[in-house]
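Participant: If you look up TrEMBL, you'll see 12-32, 44-65, 98-122, 142-162, 189-213, 305-324, 366-396, 408-428, 487-511 marked as transmembrane segment. If you look up TrEMBL, you'll see 261-288 marked as coiled coil.
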Amino acid sequence: AKMAAATSDLLTGWCLFGLALLAILIFCWVYVRKYQSRRESEVISTVTAIFALAVALISSALLPVDIFLVSYMKNQNGTFKDWADANVSRQIEDTVLYGYYTLYSIILFCVFLWIPFVYFYYEEKEEDDGNTCSQVKTALKYTLGFITICAVLLLIGAFVPLDIPNKKNSTEWEKVKLLFEEFGSSHGLTALSFSISSLTVIGMLAAITYTAYGMSALPLNLIKGTTSAAYERLENTEDIEEVEQRLLRIKSKCRDGRPLSSRDRRAVQQLEEKLRTLRRRERHLESIEKSWWMKFCEAIRPLKIVWGVFFIIVALLFTVSLFLSNLDKALHSAGFDSGFIILGTNLTNPLNMLLPVLQTVFPLDYILITTIVMYFIFTSMAGIRNMGIWFFWIRLYKIRRGKTRPQALLFLCMILLLIVLHTSYMIYSLAPQYVMYGSQKYLVQVRCNPFFFLKKKGSCLLYQKLLFALLLDQCIVTRTYLFLHKFWFFSAAYYFGNWAFIVVFLIGLIVSCCKGKKSIIEGEVDEDDSDMSDDELSVYYR
């Protein structure tokens, strides 16, 4: 009967996983098609973008699954379930670990081979309409550079020393080493871990740039809303009349046959370009004003304000928790040589206080942690959409509804893949104890005297300095935690990255508060757009 119950739970889990996977694929297809250019869409770039985005979302879901599995193996009284013996628990842990390595291997394949190849193939197709063979050869030539970087990272990871001499003889570092002993020392897996950790550092930089800004811009844009289409049309009409009058004044200088000066010719050219842009804006505004979609958005305006307030509260909770967690590491960790790793929490934060309360009502704690992961992903999407794709100070592409070039979509998906890699560490920084142990309880016997033993139970999440419980295998550590801290120097980089994330978020919050309402056609019509088409009005505004 117990085996049948376990099998039933397993089948239910697989069914839920299948439904979640189907929902992710549908969302990815809708999202890519929503922003994809109608004139420049290609099957290969579309499939690549959908697949990469799906991999990013599935990878982000591994953390809640990992936490759930280590918690599900134990009862509320701290004892292991009948079916969760040592071999079964080890198999579950290994399955989660292999799931991480499988998805992370796919991410390596996408970042270093598939996405670069499709990007360069499409670039060659635009520049040269020759045969397919030459385009493939050129794309492979450029992709070879990415493959070389991946090979170098794998080689470094296979031979990088993990044991760092501990000059301070810190007790915290000794405890951490005990955790790593059970993680194994396979050079192949170490090489993969090093490569993924290297990409995670890049993902950290992307999160600092895009996610931190998206966390402030998304809720404030929802609260402030956009300008009225009718008001913008009135202003645009006035601008058109002003430009036309300036053009007439300049052209009137050559009525008697005299040629215009070079300065006037340049002015005429600039004014004519501006007039074309203004007339294009007029067509967009007219289409939006008549669309049913805008009327629907106006009807749900109060709901948007509610969501904006909710998102800004979550962002502030996120930032305060991250600050307190980082401050705890700064004050109580073993320092730089240990990657600022700390066992237990000395300074609690709002999220760590909230999770134990939610654990009393299943599955509120899992819903919260899944919501935070999804919030992190969607604010990243919002940040990329608002800022566009940048290379230092050079803007490469814009992300616009129905007009995004295939190359920009590939860049967007690659950035999201890198940000997802950093998501696990961000969640760990917010709730370190919860990411380590989930909702597990422990039950141990403590010797009070030679004739008397006392049974001690409690929450693995709340108990401080759990070394004795770990040695007795009472609290199972998630594979996520061990994976995050395999290399101390990457952990140190993530620690400093968290401080940078907080600073960028605060700057973005101030900038977003000072900015006025967005235009209702923000990003739809710009003079510097190279892929603009006068006759390509978004299908979402019809």
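Placement of Cβ uses the backbone N, Cα and C atoms for every residue, glycine included.
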Participant: Which range out of 44-65, 189-213, 366-396, 487-511 gives the transmembrane segment (408-428) the most CB pairs under 8 Å?
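Facilitator: Of the candidates 44-65, 189-213, 366-396, 487-511, 44-65 scores highest.
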Participant: Would you confirm whether the transmembrane segment (44-65) and the transmembrane segment (366-396) meet the contact rule of 3 or more C-beta pairs below 8 angstroms, pairs 6 or more apart in sequence?
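Facilitator: The transmembrane segment (366-396) and the transmembrane segment (44-65): touching, yes.
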Participant: Quick check for me: are there 3+ Cβ pairs below 8 Å between the transmembrane segment (366-396) and the transmembrane segment (189-213), leaving out pairs under 6 residues apart?
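Facilitator: Yes, these stretches are in contact.
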Participant: Tell me whether the transmembrane segment (487-511) sits in contact with the transmembrane segment (98-122), defined here as at least 3 Cβ pairs under 8 Å among residues 6 or more apart in sequence.
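Facilitator: Result for the transmembrane segment (487-511) with the transmembrane segment (98-122) is no.
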Participant: Is the transmembrane segment (98-122) packed against any residues at least 6 beyond its ends, judged by a Cβ distance under 8 Å, and which are they?
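Facilitator: Answer is 42, 44-45, 48, 51-52, 55-56, 58-59, 62, 65, 135-136, 138-140, 142-143, 146-147, 149-150, 189, 192, 195-196, 199, 406-407, 410-411, 413-414, 417-418, 420-421, 479-480, 483.
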Participant: Report the mean pLDDT of the predicted model across the coiled coil (261-288), rounded to a whole number.
Facilitator: 81
